Amino acid sequence: MQFLFGSEFEAPLLTFRDYIKLKYAESLHLEKQLSQQGIPIYSLFLQSDSPHFSAIMQESKQFMQNPTATQYSEASWQNGDLSAHPQNPSHNYEWLKNRPVTCCITALCLIVYILQSLGFEEPIMDLFHYPASPYEDSELWRYLSHTLVHLSLPHILFNLAYFWLFGGAIEQRFGSLKLLLLSLSAAIVSGICQNYATGPDFFGLSGVVCAVLGYVLLIDRLKPHTFELPSGFFSMLLVGLAIGFISPLFGIYLGNSAHISGVILGVAWGYWDAKVHLKI
């Protein structure tokens, strides 16, 4: 058996397996093992005597470079093999158990947003905003709580989608303490930078999200396929930052200082971890 690639996420391996089955009429072997931390690791194997051995090996390299390409998702639909994607009720619990920080921060943001929607927006903003006067400087929760408040549905959906996906990946790969420290540091640093640039009138998790994105980008650049990032991830990040400078032309003001400082923190932290802990 020839190892093709592995991942902590089962879905990409199932997608590639469907693609190979449809194109070459050949079934790949999927194995699941548990790491020392009890985290499931999925691996995909090819028969060594496969008549399409070289072609499938090349296909696996192309897939890892761009796993979100349309031909792969289309193959899953065309294959229509629902049994290849079993629904295991314990899998969702296992996912949540392995990502407590991701789940906790996401839940806090959702609870705060629901309370805002129920008519408590003004007291929440008064209680959670960044320190705006000397007597508020000693209210230490304010250096973190501003990240839990969001001002619109797109605002919270965008932030939580990226945090859930990439923050969860960091937590699963490097542990809950890593994500917690990165998130707390990013909340403080991005808040200080944004307050210095524009004052205390800002809310949202985007500074933390940008730190998470910067971290996974740097780690994945130094050690490819650590997070299985799509090929256009770096361009997407640059475009997102650029939009922040263009948006005032349309009356939309974003926390550019929080975003940039978050990315810088995430990249610096990722570089430190890569060189010191991962020995890349």
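The backbone N, Cα and C atoms fix where each Cβ goes, glycine too.
TrEMBL entries are annotated by machine, without manual review.
TrEMBL has this to say about the protein:
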- 24-84: domain 'Peptidase S54 GlpG peptidase N-terminal' (DOMAIN)
- 138-272: domain 'Peptidase S54 rhomboid' (DOMAIN)
- 101-120: transmembrane segment (TRANSMEM)
- 140-165: transmembrane segment (TRANSMEM)
- 177-197: transmembrane segment (TRANSMEM)
- 203-220: transmembrane segment (TRANSMEM)
- 227-246: transmembrane segment (TRANSMEM)
Mean of the pLDDT scores, which run from 0 to 100, over the domain 'Peptidase S54 GlpG peptidase N-terminal' (24-84): 77
According to DSSP, how is the domain 'Peptidase S54 rhomboid' (138-272) divided among helix, strand and coil residues? 104 helix, 0 strand, 31 coil
